[in-house]
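Structure first, commentary second.
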């Protein structure tokens with residue numbers, strides 16, 4: 001029941017979010033299409049989705065830069081798109 005509630009909350013957040021694009025469930029990057037990675041859910045690391053790589057100005061995780069990554073990602077953020085780097089910007093890390 002707890003998992004069901006988490007999924008419902010996730011779907012509601014996505015429905016009202018302008019930036020979230022989810023392309024499918026996954027376990028590893030190789031299951032996702034080009035330009036995406038298999039990122040952990042922000043609510044449960046046991047749930048992963050294929051999401052787009054970061055564009056300029058979007059949040060990123062500095063230690064998450066290899067695509068495809070062989071293991072299971074622990075971050076809910078994908079690396080930046082090719083040609084961009086994940087750099088500290090104020091209190092957060094952003095693709096630039």
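Placement of Cβ uses the backbone N, Cα and C atoms for every residue, glycine included.
Looking at the stretches 10-14, 15-19, 20-24, 25-29, the one that Swiss-Prot records under the feature region 'May be important for binding to prokineticin receptor 2' is 20-24. Residue 38 (disulfide bond) sits 6 Å from residue 32 (disulfide bond), taking the Cα positions as reference. In the structure as shown, the Cβ atom of residue 60 (disulfide bond) sits within 10 Å of 26 other Cβ atoms.
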